[in-house]
Amino acid sequence: MSEPSTVPTPDRTLVIVKPDGVARGLTGEVLRRVEAKGYRVVRLEMRRATPDELARHYAEHEGKPFYQPLVDFMLSGPVVLAVVEGHGVVPGFRSLAGATDPTAAAPGTIRGDLGRDWGLKVQQNIVHGSDSAESAARETAIWFGADA
Ligand code: UDP
């Protein structure tokens, strides 16, 4: 039996730059903020999401009024998918992202600084970040496969 590792497994989260963020050329700015905080991008991919991936990713929201518009929006252009590691990165990235509604998001956050405040729908809030370690593992498997 091998000795248990003394190096803890780093925390992980799943970040998505949504189609509005990619279309506005904000991918670099989002990743810059992630890296400036000291987190590490360990997987990175730009592509279009599939309806199946989105149905699984947003399963908890199925049936809500914003569900189908959200899925349609996420299919409207390429997304950038990133697995990000770092100590406390799950709540840490959500702090970087800011409140769900860019109109309410605090200055200094991605959504607060970069969200456009002229009546856009809440769905167009630039980024997604997992809300728990369990969600991060589930979402990483959806987008990058079970071995990611
Ligand atoms: N969303 C929306 N309308 C709402 C609430 C959420 O369009 O009233 C979208 C928005 O893009 C949000 C996503 O659904 O980022 C997932 O919602 P959640 O409450 O999980 O917000 P998040 O964790 O992304 O801040």
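For all residues, glycine too, the Cβ spot is worked out from N, Cα and C.
Remember, it's a predicted structure, so these values are computed and weren't measured experimentally.
In TrEMBL this protein carries:
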ACT_SITE  HIS128  active site, pros-phosphohistidine intermediate
BINDING   LYS18, PHE66, ARG94, THR100, ARG111, ASN125  ATP binding site
DOMAIN    10-147  domain 'Nucleoside diphosphate kinase-like'
Out of PHE66, ARG94, ARG111, the binding-site residues in the record, which is closest to the residue listed as 'active site, pros-phosphohistidine intermediate' when you go by Cα distance?
ARG94
If you count other Cβ atoms within 10 Å of each one's Cβ, which of the binding-site residues THR100, ASN125 has the most?
ASN125
Please list, in sequence order, those binding-site residues from LYS18, PHE66, ARG94, ARG111, ASN125 with the Cβ less than 6 Å from ligand 1.
PHE66, ASN125
The record lists LYS18, PHE66, ARG94, THR100, ARG111, ASN125 as binding ATP. What's the largest Cα to Cα distance among them, in Å, rounded to a whole number?
21
Could you say which of the binding-site residues ARG94, ARG111 has its Cβ with the most other Cβ atoms inside 10 Å?
ARG111
Mean of the pLDDT scores, which run from 0 to 100, over the domain 'Nucleoside diphosphate kinase-like' (10-147):
96
With every protein chain in view, how many other Cβ atoms are within 10 Å of the Cβ of the residue listed as 'active site, pros-phosphohistidine intermediate'?
22
Please list the DSSP helix, strand and coil residue counts for the domain 'Nucleoside diphosphate kinase-like' (10-147).
59 helix, 24 strand, 55 coil
